[in-house]
Every structure is written in C-alpha cells, then in structure tokens.
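Going by TrEMBL, these are the annotated features:
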DOMAIN    12-157  domain 'Lysosome-associated membrane glycoprotein 2-like luminal'
DISULFID  CYS133-CYS169  disulfide bond
DOMAIN    209-272  domain 'Lysosome-associated membrane glycoprotein 2-like luminal'
Amino acid sequence: GFFQSYAVEVDVKDASNATCLYAKWMMKFLIKYETNSSDYKNTTLDLSSNVTHNGSVCGNDTQAALLAVQFGGGHSWSVNFTKTNETYQGDFVTFTYNTNDTAVFPDAKRKGPITVVVRDTMSPVQLNNVFVCHSTDSLEAENVTQIFWNVTVQAFVQNGTIGKKETRCQADTPTPEPTISPTIANMTTASVTTVSPAPTTAPKPVKNPVTGNYSLKSGNTTCLLATFGLQLNVSQDKPHLINIDPKTTSADGACGNTTATLKLNDGNSTLIAF
C-alpha cells in the first residue's frame with residue numbers, strides 16, 4: 001500500500017440494535033504547524049489501533065447522520081450525511097487535532113485543539129447502495145491534507161441490512177479501451193475478396209514528462225529550489241504511467257533548520273511529498 005495506517009470499521013446501531021450507519025476506511029493526515037522558533041514543520045498523523053466512535057448518530061428524514069471517531073492523544077474526525085429524497089451524501093468533514101500531543105507535534109507554538117472544517121466531495125448515492133472508493137482521495141484546508149483510501153460507507157441503512165449494490169467513485173471507474181476496427185485490404189471483385197488481418201498497433205510511447213520549476217519561500221527568502229520532470233509508474237492490474245504537469249501542479253511545503261519538505265498537488269488527487 002501507499003501508506004501505513006490502521007483500517008477503521010464503525011457499525012452504528014439504532015435503538016433496536018439494528019445497523020443504521022456502517023463505514024470502513026483508511027485515512028491519514030499531513031499537517032503543517034508552527035514551532036516555537038517560528039519555523040514551520042510538516043508532520044504525519046496516523047490512526048492508532050485504539051479508535052472509538054462516541055457521538056455517532058443514525059440520522060433520519062429530518063436529522064443528519066453523523067460518523068464520529070476519536071483516536072490518539074485528543075484527536076477526532078467526523079463527517080455528517082444528509083438524505084434528500086432517494087439519495088444520501090456526505091456534507092461536512094470536521095477534523096480536530098490536538099497540538100498538546102507532543103509525540104506528533106514536538107515544540108508546537110500553538111497549544112491545544114485546532115479544528116478544520118471542509119465540505120465533503122462525495123457525490124449523491126442512491127439509498128440502499130454502498131459507496132465504495134478504493135482509490136486515494138484527499139481534502140485540503142488550513143495547512144491540513146486529509147488522505148482517504150479503501151472507503152466503504154452506507155448511511156441511512158434500511159432494515160439493518162447493508163446494501164448489496166455498490167456505487168463506485170469516479171476514480172475507481174476504468175477508462176474503456178478504444179475499439180480498433182479491422183482493416184480490409186486487397187478487395188478485387190464482389191466475388192473474390194481477400195481480407196487481411198488487422199495490423200498490430202504498436203503501443204504509443206509515453207512522452208517524457210515536462211520539466212517543472214518549483215520553489216518555496218520562508219518569509220521573503222527562497223529556501224528551496226527544485227527543477228525536474230516527474231513520471232509515476234503505478235503497477236496494478238497493468239502498468240499505468242502518469243506524467244506530472246507543472247502547469248497544473250501547485251507546490252507547497254516548508255523549510256526548517258534541518259529539514260525541508262516539498263509537496264506537489266496536481267489537482268487530480270495525486271499528492272506527492274518529498
């Protein structure tokens with residue numbers, strides 16, 4: 001896998017002990033915070049093995065469903081789901097991290113809980129359908145990048161039974177292969193026709209990635225310079241090559257006294273940190 005983290009599974013029950021909200025997913029957080037020396041550091045917050053889901057709510061026609069988890073040294077995450085006619089969808093994601101957790105935030109200048117709220121990008125899902133997204137997705141706001149993958153969720157479960165139909169995220173939907181029509185050659189007369197097999201089409205060579213120039217500043221001073229072309233080779237069912245386009249890629253990160261981090265986001269759920 002791309003990340004090391006624990007999977008979370010939450011099965012919320014109603015008053016009759018029937019499942020009303022179910023979710024299983026993996027997530028982690030990339031956070032930039034200010035230190036006492038006014039530097040900015042990047043840290044990674046992973047889920048611990050001990051996760052609680054206090055405060056989760058089933059929801060109904062007039063009340064939103066709420067999926068809430070707590071983990072680590074005072075951190076929490078939640079998403080609420082709203083139902084409209086025959087569909088449901090995620091509404092807002094609320095993430096609270098506690099900089100008093102010195103194992104994750106050593107030398108943090110600001111102490112205590114910090115809350116980030118961002119709108120969920122989940123599309124409407126038909127009631128009784130399970131939303132599934134194995135691909136990596138991310139949300140960014142206020143120096144926090146939330147990364148999710150292997151997501152399975154169903155809100156407003158009917159009759160306590162998880163649906164059998166899946167609604168897949170767009171990133172999981174494969175691109176259909178183009179259809180190549182056969183070539184008919186050497187046609188002489190209507191009575192005598194020779195059909196040659198379709199020529200084998202050589203795979204198109206993948207172009208080299210475009211070279212990009214990336215830089216970071218600390219105050220008014222440039223502290224990091226990078227010039228390179230970047231191509232990712234992701235091997236799943238078959239190799240998939242991705243060229244990172246500098247024109248659509250934003251650079252972020254931070255420079256410290258002993259470390260520097262360059263974070264690239266191409267706007268298509270590809271997030272790379274050096």
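Positions of Cβ are set from backbone N, Cα and C atoms, glycine also.
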Count of other CB atoms lying within 10 Å of the CB belonging to CYS133 (disulfide bond): 21
Neighbourhood of CYS169 (disulfide bond) by C-beta distance under 8 A, where only residues 6 or more apart in the same chain count: SER123, PHE131, VAL132, CYS133, SER135, ASP137, VAL151
Structural state census, the domain 'Lysosome-associated membrane glycoprotein 2-like luminal' (209-272) (DSSP three-state): 3 helix, 39 strand, 22 coil
